[in-house]
Structure formats: C-alpha cells, structure tokens
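Quick notes on the structure that follows.
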C-alpha cells in the first residue's frame, strides 16, 4: 500500500479523505455497507472507485478528494498514540542516516508509527526495519497497523531496549542506521555495539525534546566510541506562491486624483442639495430617503478603477497585469525536538582515524612495522661508523 501506487480503489484499501489542508481522515473501504460521514455530507464507500478523484456527497452539500496514502499524508491523518515525528524532521533524518533501498534500520520507540512508515518506504522491500516498543498496548496496535498497511519489511518487537538491549533471537541484525526516540537514550546507546554493522560506517540519531537529554546522550556516545557528533534543530516555514496584480505609480496617482475629484464633486452636489432643500422646505425624512436611493445608485460607479476594486476578479484574469510572488508564513513551526547525530567507524576505520576524525600517526597505526623500521634505520646508521673504525 505504501510502497507502490495504483489507480483503482478496491475493497479493504486505505483511502485518505482530503477535506481541507488540516482535515484529512483515513478510510478503510467497505464496498458493501461502508459510509463516511462528515460535515460536508455522507459519502458511500461503493462510490469510491479511483484514487485522486473528487467525490460528491449524497446530499450534494460538498465533496472530498480520495487520496492515495503516503507516509507524509499518513503523518497528518494517523491516530495519535504518542508524540510523532513530522515530515519536516523525518525527511532530514532519513537523509542524514543515509537510509536507502536495502538498508537495515533500527527504530526504538515505535509509538504511533509515523516515522516507521517513512523509513519503511526508504529502505524498500530489500531492506529491513527493526522497530522496538516497550509499551505492550502500543506495540500490539502498531503491529496490527503494519500488517494492514502491508509493511512487510518492518519487524516489530516488544522490548525495553534500555535494559534488555536490541538482540533478537536467531536474527543477526547488523544495522547501519539507528533512530532512538526514547526518554533516556543514553541508557540504550551502550547496547548498540552488538547490533550495528562494524564492517561499514554506522549512524545514529537521537530524537530528544530536552537539552538535558542531549547532554547525557553526547556523553554516552563519546564513551561508546561514536564520532562526528552533531546536534541539529529543524525550524520550517511554508512558502506560498501566487499571482499578484501589478500596480504602477502613474495608475495610483491617477486613482487618487479621481477619488479627490469625485469627493469634491459629491460635496458640491450635497451642498447644492441642502441649499435647495432649505429654500423649498422639504422634510428631513424625505430628504434622507432620497439620499439613500441616490447613494445606492451611484455606488455602482467607482470612477477610475484600474485594479478592479470592489469586483470579484479571478487570479490570473487576462484583463489585468500579474506578477508571480512568494509569501512566507508569519510564524515558524514550534520546536519539536533536538536531533543528535553521530557515526561509528568500522574496525578498520578506528585503526586509521582517532575520535576527532584525524588520521593517526603511522607509529600508532602500525606499531610493529614502525618499530622494525626504526631498528633497521639504527643499524644502517651504525654500520658506516663501524666500517670507518
């Protein structure tokens, strides 16, 4: 379901009902008796035929769009069991951990399964995702959800990794990427040595809301031999592109002059009317009623109006000139968590590089060879001295 796309909606499929940008509801299709009720009306499942289609309600009061599920859209519509990892963070984490088709990934803290769907797609059918959850109820719900969504490369495990580690009986994990979403990740870091692939570079990311957690995790990573430690905080803003009507200075000046002229004309007419009413003795109520009718009639004419003020104009109308502009959100999305990254060098790499990722001196990398070379050099230096004697 999440690893491949299709056009036709079948019985038992998952459909995301898109109502608004902030209202997306998951629907498990039941063709015979299913009915999706919203404030826009009722939508029978039997009418759900194609992904991407627009479906009208039975009462003709509104419509929804039938969207194919993706990890990004599932993040916006899933039932929350815990705090989740949103796409802003998950996309960056996948890139930093270098998760790709065929990767073996460890995830500790399954929670609502938001990030699990993202890394399952990135690892592909050739990869494996070992997901650990210590809370039994959340583990059972997540396991059922993964089975319904056909995430066949996800292996969920019920375990407290902080105390019991990551080992799985009869399985050699050999992970190259690790994601820890735990209250105390520093207690789980020492257990990683047994389950990461030491023949290549392994990478870890700790997802921690509090800075104190980051400090303790950094200490644990350093003690366990991890290098290239870096903390990142992702702050995202949404940019919206649209068309805006062009307004020249000459048009603005002409518009202001026209408004001023019409104001002066209106004031002159009003003064003349008051003078006539005073001379003729017309009653005030009749005068007010006549003024209301006249203002209503004259309001339809706005004089010089180059930008269609007061009119309903469709964006991009060829009667006006437009330019493309981008507008940023006023507020940055609030802080979610700190992302702590680190790398574990392969065994060969540890012989070449130190903890600061600097190349070790040759004498440290090959102590035996360097000792033999030093002895040979000493003998070569002493030999001519004996000859001269």
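Note: Cβ is positioned from N, Cα and C throughout, glycine not excepted.
Swiss-Prot annotations:
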type	residues	note
BINDING	112, 113, 114, 133, 138, 160, 161, 181	S-adenosyl-L-methionine binding site
REGION	278-313	region 'Disordered'
COMPBIAS	280-289	compositional bias 'Acidic residues'
COMPBIAS	290-301	compositional bias 'Basic and acidic residues'
REGION	364-389	region 'Disordered'
COMPBIAS	368-389	compositional bias 'Low complexity'
133, 160, 181 as binding-site residues, winner by CB count within 10 A: 133
Site diameter for S-adenosyl-L-methionine, Å, by largest Cα distance between 112, 113, 114, 133, 138, 160, 161, 181: 20
Listed in sequence order, residues with CB under 8 A of residue 161 (S-adenosyl-L-methionine binding site) and six or more positions away: 108, 132, 134, 182, 188, 191
Neighbour count (Cβ, 10 Å) for residue 113 (S-adenosyl-L-methionine binding site): 30
Neighbour-count leader, CB within 10 A, binding-site residues: 112, 114: 114
CB contacts for residue 138 (S-adenosyl-L-methionine binding site) [other CB atoms within 10 A, all chains]: 18
Residue 133 (S-adenosyl-L-methionine binding site) in three-state DSSP notation: strand
Per DSSP, three-state class assigned to residue 114 (S-adenosyl-L-methionine binding site): helix
